[in-house]
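The transmembrane segment feature in TrEMBL is assigned to C:12-37, C:65-94, C:106-123, C:158-178, C:211-232, C:263-282.
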Amino acid sequence: MARAVTTQRKAINTTLAWAVGLLIFFPILWTILTSFKTEAQAISDPPVFLFFDWTLENYAVVQERSDYMRFLWNSVIIAGGSTILGTIIAIPAAWSMAFVPSRRTKDILLWMLSTKMLPAVGVLYPIYLLFIKLGWLDSRIGLVIVLMLINLPIIVWMLYTYFREIPGEILEAARMDGASLREEILYVLTPMAVPGIASTILLNIILAWNEAFWTLNLTAAKAAPLTAFIASYSSPEGLFYAKLSAASVMAIAPILIMGWFSQKQLVRGLTFGAVK
Amino acid sequence: MTLKGAFFAASALVSVSASALSAEVLTIATVNNGDMIRMQKLTDDFTAKTGHEVNWVTLEENVLRQRVTTDITTKGGAFDIMTIGMYETPIWAANGWLVPLDDLSADYDADDILPAMRGGLSHDGTLYAAPFYGESSMIMYRTDLFEAAGLEMPEAPTWDFVADAARKITDRENEIYGICLRGKAGWGENMAFLTATANSFGARWFDENWTPQFDSAAWEETLTFYLDLMNDAGPPGASTNGFNENLSLFQQGKCGMWIDATVAASFVTNPDDSTVADKVGFALAPDTGKGKRGNWLWAWALGIPAGTQKEDAAKEFIEWATSKAYIELVAANEGWANVPPGARTSLYQNETYLSEAPFAEMTLKSINSADPLNPTVDPVPYVGVQFVAIPEFAGFATDVGQEFSAALAGQQTAQQALAKAQALVVDAMEAAGY
Amino acid sequence: MATQHSRSAARLMMAPAVFLLLVWMLVPLSMTLWFSFRKYLPLRGGDLGWAGFDNYVRFVTSSAFWPSVMTTLLIVGGVLVVTVVLGVLLAILLDQPMWGQGVVRILVIAPFFVMPTVSALVWKNMFMDPVNGLFAHLWKFFGAEPISWLSEASMQSLIMIVSWQWLPFATLILLTAIQSLDSEQLEAAEMDGAPPLARFFHIILPHLSRAITVVILIQTIFLLSIFAEIFVTTQGSFGTKTLTYLIFQRVLESQNVGLGSAGGVYAIILANIVALFLMRIVGKNLDA
């Protein structure tokens, strides 16, 4: 029996949920609106909401000051590269944990997660010295590797939880049919795990995209991603709200759009595969 | 000569000139101030003249410091030119981390650099970073508000006059605050202002034996005066206001007076950004009659990390960016009022500049009245007006700044803040081995 | 049912990930340990020799140490409480039948996409600024004196900013968990005349315990090392100096790498204590 819901109750739910949703979204909405105002309108008292002279001037100023596409491209390569590399390394590990668990599996998983607790600032000097030795300073490859290592525990853990949902009998059956381990992973497991892998990749792209300590401290000009782009706007010079808003929108828009288009996979991803 | 021969000769010529000019790509770290952003826009002029290209790394001040310090101390080599200040230059130069700038071309006329700037950016008499712009601090005030209150600002006011005027002008109903001063914690934020102010009250960071002096009566007087003044006549939330926040408030017409960097003068008188552009007057930073004024001395300068492969190209850039020709380039593009101030003597002999920049005279007077070698009323073992040029200063001064900021926010008394400051500095100096 | 063959294969497949993480953990860790016993002052000539336990003693006896531990725990705890409580309420609300559920869900998850730096900048300047911020306008509209959020209510402000970023995460996990709840069980309880509160505490909350565990575990890992939000907003003033921020100050502002490294070791110890504590309390839920 389905729950009977009166229209009235549904209307109340809808109003309440929309109100809360808009409240949570409001800071982003306000930033977007402000980015189209002039600096004077951005601080006008009382604040103007929609009825102002919309202008694209702030975006032009920001673009003139910094070459947005270069930062964007670096962000794409670093976030994408580290996630894909991490996923390739994590899939076999997660597979073996899910299907050939041992007594230590859970300990290894928790140990992996615990490596994320090392405070980044404390190891800045060691890592910086290491990067100089390796010639990785201000290079995309260095950042791809560091971000891969940072997110690897999360990737392994998410994939592990997804893989565990796949019934073991199917693998048994494949094995009976004489499938090799490689075939088993490639033709049986992977197709079933694609949604889980997609969610994992999406979520980790976001985490890598937003990482702001290493991407800022290990780059200069060549490999600097959008986190460095925003660091040149993070202190005001005179009237600056509109320009700051424009720069902020430019920094978050790509990931916001990607997130919205892949909402369904992402919602799965956001749950870290931990809840069915 | 055959055609073939001519071709060979031509190609040989091309290869010779190419190697002589060998174009480089320079990576330059800089701060996101208005003058630096203007410099970025004009980079094409440099590329056209020398063939070298420039990659800019523009960062907010705190991020920049963190970035360049990490790179220079580890000899990382990520940058060919770094934008540094008067605090870093002598310390880094003493460690041998900067390329000396003693062989700049005659054209560049290094003797034209203002003596105060030159002195602050040198180590053992050698210049290690070229000033892009220099500043002191002074009072910027609203002539219309002073007139309305029946007050007249002397050229060299005392702190008592300033405090009295600030309280008279304050009109909280209409969001007019008598005085805007730095309150945001940081060695380059509130501590720059407070250290300079303390100098004029006869206080000092250390005595001749490097004993911290926050338990002195002079410091208590300084801090109490500042807290009382800000509570009576300052804007709300002053404990989070730094240079930029106050600039924004002043441009919106919410401050009666603002004591801060002289470079701000061109921002507050620029009608594009400022709503009070034609109502601003200038005066020297106040004193208490003890012989020192509360103004500081600072320069943003360009230095070359030792060990860079592109030293020659880097020098060419520095000569371009801090030259007289660059000043003229900016003047032609943006008007004389917007040229980088406080670096060269010749600028203050330029009639056009003096007539177009109403703040020029006061800026020069302020810069010349700051003395980094004798900053305080009583003798001190250190160099620096609003800082102490030792490596540990940035760390403990920021800690102290946080205590003073908390006092401004009303979370502790002046006495509590000073007691904590004393303990912090004693501890830090012990750790540094004094 | 795993064979010996598949066991060794499994070990082989786990090897790259384990090896990489081992290197990633051991190299910086051993370097941190090494530096923490050295007098290492980059601006005074670099490594100046053996320091014994000086750095450890100095770091822990500094007047900033215990407050910074408390601040760290307070921020982590505060954000956890806010996100879990609001997350549960929001999840229940979003689970109700309504029009445009998909759009509402998009609105709610959006903050998760925003870079911490950007969110801190936007909150600090456009909302919490005591003169031009939107909150100041709102307060003035109702005739109240605007609050300087970041100095007068620094911790609350910080917890609010961070909670805003993490609420989408908590909400979504909890929502997914609620959706898997057997609706017949709820209806049966409703028929039996169980009041809404009783239904919530006896049916919904126990069902959510595993999801709440996950929220707490993952968020704690990320929150212990929170940095950008503090760096942008208060820079550690007004009692917002966490252990991570204190280490940052020692290493980068005071340029004392030895002292900062000792702080790093303390931070690792604190993280492990918190982790142990978490495992004790909520770890069992993970097996379910």
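Note: Cβ is positioned from N, Cα and C throughout, glycine not excepted.
Keep in mind that what you see is a predicted model, and the values were worked out from it rather than measured.
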Using Cβ distances below 8 Å and needing 3 or more such pairs, separated by at least 6 in sequence, tell me whether the transmembrane segment (C:106-123) contacts the transmembrane segment (C:211-232). yes
Short question: which residues 6 or more past the ends of the transmembrane segment (C:65-94) have a Cβ under 8 Å from it? 59, 101, 104-105, 108, 155, 158-160, 162-163, 166-167, 169-171, 173-175, 177-178, 200, 204-205, 208, 212, 215-216, 219-220, 223-224, 226, 239-246, 266, 270, 274
Near the transmembrane segment (C:263-282) in space but 6 or more residues beyond its ends, with Cβ under 8 Å, are 29, 32-33, 36, 56, 59-60, 65, 69, 72-73, 76, 212-213, 216-217, 220, 224, 243-244, 246-247, 250-251
May I ask for the residues of the chain that lie six or more residues beyond the transmembrane segment (C:12-37) and have a Cβ under 8 Å from a Cβ within it? 50-53, 55-56, 257-258, 261-262, 264-265, 268
